[in-house]
Amino acid sequence: MLDRQQTGIVFNVQKFSVHDGEGIRTLVFLKGCPLHCPWCSNPESQRREPERAYNPTRCLTAAVCGRCAKACPTGAVSIVGGLVCFDRSKCTGCNACVRACPSGAQTVYGETQSVDQILSRVEEDGVFYTRSGGGLTLSGGEALAQPDFALALLREAKKRHIHTTIETCGHYPTEVLDQACRVLDALIFDIKCLDSARHKKATGVGSELILKNIGHVFEHFPDLPVLIRTPVIPGFNDTEEDILGIREMIPRKANIRYEALTYHRMGQPKYGYLGRRYELEGVKADEAFMKRLNIMLKSYEK
């Protein structure tokens, strides 16, 4: 199969991003992730398969509409007390409710698309990439959780002279990362915690493979621009020892940068849309600590 014909499951294409790589970029979000971080801002990305979601803030209300319940052939969507209710155990994934919904309250996260389809959308903004040094960033979920599709996207983008970056959690076979780095222009790599037991308790996997993979990048792709990022999560890795320990293991080179990211809850509403509970309810970032931490991190840049 030609690279441009390869297909994968994508849940969002976001244009005009300026925070996920150099210049103005188009972000392509792929479904699936080997980690299950309770602070994840894209919970709809974690499972590989498409997922049905309901956003009540966009609903026209059962009194005005109710088309989703009428369209559902299994009774998974119903009207109870004037409210739209969803029984996931009865849902067969036919998406009749989604097609019937006029407001977008009923939706599906995840759609099968080809490399050609994705890059056609990416290329629409080619003039912005040229002027800003931007391009394509693969994200997720995990950008390499669908390795065949992701690698085909990167190779085909390279043929079309599109600057490429991936955002990655680093947990997959080293050979996959090696293949990606051979065609990447830059890499954004998360390191959340050096303590493997603590990492596994929080995310579901240990940190050994992640650290092995970033070590592989440092050794075999020494000139690749790399941004290492750590989300600072209260109660998980919010100590000077944790963050400075990660910074210490990163080579001090001009092409390697490090960022500690402040915890936020911008993705919290989506947990409700998916029928899940947000486990960090009420948790807030310590702004004073982050300010002190960033002052300390600046000393590594000298």
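Every residue, even glycine, has its Cβ placed from backbone N, Cα and C.
Feature annotation from Swiss-Prot assigns [4Fe-4S] cluster 1 binding site to CYS33, CYS37, CYS40; the stated evidence is sequence analysis. Per Swiss-Prot, the feature S-adenosyl-L-methionine binding site maps to TRP39, CYS40, SER41, GLY141, ASP190, ILE191, LYS192. If you look up Swiss-Prot, you'll see CYS59, CYS65, CYS68, CYS101 marked as [4Fe-4S] cluster 2 binding site, on the strength of sequence analysis. Swiss-Prot lists CYS72, CYS91, CYS94, CYS97 with the feature [4Fe-4S] cluster 3 binding site, giving sequence analysis as the kind of evidence. The domain 'Radical SAM core' annotation in Swiss-Prot covers 19-301. Taken from Swiss-Prot, the feature domain '4Fe-4S ferredoxin-type 1' covers 50-81, and the record attributes it to sequence analysis. Feature annotation from Swiss-Prot assigns domain '4Fe-4S ferredoxin-type 2' to 82-111; the stated evidence is sequence analysis.
Same-chain residues that are not part of CYS59, CYS65, CYS68, CYS101 yet have a Cβ within 8 Å of the Cβ center of the [4Fe-4S] cluster 2 site turn out to be LEU60, ALA62, GLY66, ARG67, VAL84, CYS97, ALA100, PRO102, SER103, ALA105, GLN106. Comparing Cα positions, CYS72 ([4Fe-4S] cluster 3 binding site) lies closest to CYS101 out of the binding-site residues CYS59, CYS101, ILE191. Among the binding-site residues CYS94, CYS97, GLY141, the residue whose Cα lies closest in space to that of CYS37 ([4Fe-4S] cluster 1 binding site) is GLY141.
Taking Cβ-Cβ distances under 8 Å and a sequence gap of 6 or more within the same chain, the neighbours of CYS91 ([4Fe-4S] cluster 3 binding site) are ARG52, THR74, ALA76. Put simply, CYS40 is the one of the binding-site residues CYS40, CYS94, CYS97 whose Cα lies nearest to the Cα of ILE191 (S-adenosyl-L-methionine binding site). DSSP places the residues of the domain '4Fe-4S ferredoxin-type 1' (50-81) in helix, strand and coil in these numbers: 8 helix, 8 strand, 16 coil. Here ASP190 (S-adenosyl-L-methionine binding site) is compared against the binding-site residues CYS40, CYS65, CYS68, and the shortest C-alpha distance is to CYS40.
Cα-Cα distances to CYS97 ([4Fe-4S] cluster 3 binding site) place CYS68 within 10 Å, out of the binding-site residues CYS33, CYS40, CYS59, CYS65, CYS68. All chains included, 18 other C-beta atoms sit within 10 angstroms of the C-beta of CYS65 ([4Fe-4S] cluster 2 binding site).
Nearest to CYS59 ([4Fe-4S] cluster 2 binding site) in space, judged by Cα atoms and limited to the binding-site residues TRP39, CYS40, CYS94, GLY141, LYS192, is CYS94.
Residue environment of ASP190 (S-adenosyl-L-methionine binding site) contains 20 other Cβ atoms, counted within 10 Å of its Cβ in all protein chains.
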